[in-house]
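Take a look at the structure set out below.
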């Protein structure tokens, strides 16, 4: 049987030009966390700011400036189409990994509390490891698209991206920054699993990584002290267990609804890093269990929204966007879980910030970039869905 030739060419489908709405629940959740974070940083830092800078709003003002820079960087990231990230993700990751080397060079990197993680650039302190986490997601997403068959069917396809990721992780460990390393590796492993990698390499790699982490803890007095103090902070509440015991006291004082915004006591020289890593403890004291549940719900929603965008992208045959969205969802979920877990004493102290909230310009910038990329992906998916629906509804598309 021969196919019948069409009597006349089908008319071209006209392009639909319209503005597609943003994912407002995602946007409002992120903006709400940013605003809430600024309020709580202000509350948590007033005592220490008054003591060190003779201005109770010193850290609040700096945090507000960082918020402005982060939002501008987010707008810039939103204007970048996803295919640009796909094409340049590997180069962004390599460039940020090279900057990690600069951090470790004496005279370039800045050391705070025994950790060398920053490069001073005028009034800003750039923390490359924060950007490496995001660029690692972009790199691995692009790799999974380009080498999908190898990742699924060949061990070499599974190992190749881990060589670069492992090199960056080693540089971050040398700072030292154990928490960022763990979150980045866990996020990448989750993305490889979503990419279809077989289970056996995961088991072998997890065993190797687990043995390596145990070795690092055993042979590092600094890390060993943190683990021991985490297991029983009340054994030495005025030395190795001081930070965690003070955090738990803050949660205990907060009870159900807290002592009131600004009325917390633990932030007044009792709880170290109250406006950075241990900000949730201040929230727990001043807003109680109710405030903490709202905070947890916001992070759960943000992570779920990112994952759902990834599922939609996969259904529309947009694999890069799918991997990026799900990678960002994994990263936000993991980092917020680790930070909150450290504050309530179910995980050892890691030195990780709470995304979108803790004091620190680099974390805010990377968080805003990540949300902007998610919003851009969502708008692109809405356009694809709208055009597909339009084509299905035209008479010539059904001919």
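Cβ atoms are placed via backbone N, Cα and C, with glycine included.
Relative to the membrane, residue 255 and residue 322 are annotated in Swiss-Prot as lying on opposing sides. Of the candidate ranges 249-269, 354-374, Swiss-Prot annotates residues 354-374 with the feature transmembrane segment.
Swiss-Prot assigns the feature transmembrane segment to residues 65-85, out of the candidate ranges 2-22, 65-85.
Ranking 65-85, 89-109, 199-219, 354-374 by CB pairs under 8 A with the transmembrane segment (154-174) puts 89-109 at the top.
When Cβ distances are compared across the two stretches, the transmembrane segment (178-198) makes contact with the transmembrane segment (327-347), since 3 or more pairs at least 6 residues apart fall below 8 angstroms. A contact links the transmembrane segment (26-46) to the transmembrane segment (282-302), because at least 3 Cβ pairs that are 6 or more residues apart lie under 8 A. Per-residue pLDDT, averaged over the topological domain 'Cytoplasmic' (375-399), rounds to 75.
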